[in-house]
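See structure below.
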Amino acid sequence: MMTREELIGMLGAPFSDSETDRELFAEAVRVRNRAVGDQVYLRGLIELSNRCRKNCLYCGIRNGNSAAERYTLTDGQVLAAAEYAWRSGYGSVVIQAGERTDGVFVERIERLVRQIKTLSDGELGITLSLGEQERETYRRWFGAGAHRYLLRIEASSPELYARLHPADHRYEKRLECLGWLKEEGYQVGTGVMIGLPYQSVEDLADDLLFFRNLDIDMCGMGPYIEFPGTPLAEAPCAFARDERLRLALRMIALLRLLMPDINIASTTALHALHPQGRELGIAAGANVMMPNLTPAVVRANYKLYDNKPLQDMDLRGFNVALDSGWGDSRHFSVRTAGAPVSALREK
Ligand code: SF4
């Protein structure tokens, strides 16, 4: 098991040292293939709405950004995207949106989850990524059929978290939510941004240890990319963009070595910094990709349906698992072995 010092050493290696990275990534791929196989699971991503009550200092859709053009998909659009995913052979979808906690929203999500389950004969797995909610809300959505939840901590250091968020966004609340999600029976994912202002390689090593201590099932992390006009965008960053990409790949590989049987996403932020960013993530040990199925993309993809929905990714050489169940985290099955069947939901 790697120590904190070893993690810091790997993360802080000179960026000119590409041989060390090559060995690290190759080892991560070997470990992944042994622990969970070499298949890449695809989730159809549905971005339901960019309305958000929060004001995270780095985020382009923060509530205070009056320049953002707001949208919310209709029920029909969400269900059409889910049906497209199902008919195209995706095992699951991710429903993501800015954070809202009002009754209308909570009820709507519950209804949509039930409708997606019905339209897909229970076959589509559903991951939610809808921020901090009341425990009762998580329970209702799980009861409706959602079974995985992504809630990124963004920075596991409370001090760094406080520099990235306004004072009323509480680190402790986020931790509490992660605990509730686990207790309610979800497969739980979290993640961080990599290469943030004020962030050190020591912080990143601690992020990795945080994931292990929290015993997460899934992780989605990617390089930090400034959004112009946000309060954080002007803050100086210790790492250039190409260094953030390298650091993100190192983080993926090291997490794979620390937690061999979890699901790790190769995120679109990698793609934003490199045309083959997501492929590089897979080659560093990730095993999940999330093609975007929001309506405009659905339309574009419809005409490419004939085995071309992956047109913007070069997955040659990867064993892509489109139709292979929900692609659940093996770690979840291991950590919940022996739990009452009613508390679990697996396919
Ligand atoms: S909660 Fe999410 S969507 Fe809302 S401002 Fe923060 S990062 Fe952006």
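Backbone N, Cα and C define each Cβ position, glycine as well.
Per TrEMBL, domain 'Radical SAM core' is recorded for 38-261. Per TrEMBL, [4Fe-4S] cluster binding site is recorded for Cys52, Cys56, Cys59. Annotation comment: TrEMBL describes Ser129 as (3R)-3-methyl-D-ornithine binding site. Marked as S-adenosyl-L-methionine binding site by TrEMBL: Glu154, Arg174.
Shown on the structure are the features that TrEMBL records.
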residue	record	contacts (Cβ under 8 Å, 6+ apart)
Cys52	[4Fe-4S] cluster binding site	Cys59, Ile61, Arg62, Asn63, Ala97, Gly98, Glu99, Arg100, Gly131
Cys56	[4Fe-4S] cluster binding site	Arg62, Glu154, Leu164, His165, Pro166, His169
Ser129	(3R)-3-methyl-D-ornithine binding site	Val94, Ile95, Gln96, Ala97, Tyr149, Leu150, Leu151
Arg174	S-adenosyl-L-methionine binding site	Glu132, Leu151, Ile153, Tyr161
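A simple way to gauge crowding: the CB of Glu154 (S-adenosyl-L-methionine binding site) has 23 other CB atoms within 10 angstroms, across all the protein chains here. For ligand 1, the neighbouring binding-site residues among Cys59, Glu154, Arg174 are Cys59, by Cβ distance under 6 Å.
Cβ neighbour count for Cys59 ([4Fe-4S] cluster binding site): 22 (other Cβ atoms within 10 Å of its Cβ, all protein chains included). Excluding Cys52, Cys56, Cys59 themselves, the residues of that chain whose CB lies within 8 A of the CB mean position for the [4Fe-4S] cluster site are, in sequence, Lys54, Asn55, Tyr58, Gly60, Ile61, Arg62, Asn63, Gly98, Glu99. A coil conformation is recorded for Cys56 ([4Fe-4S] cluster binding site) in the three-state DSSP classification, outside any helix or strand.
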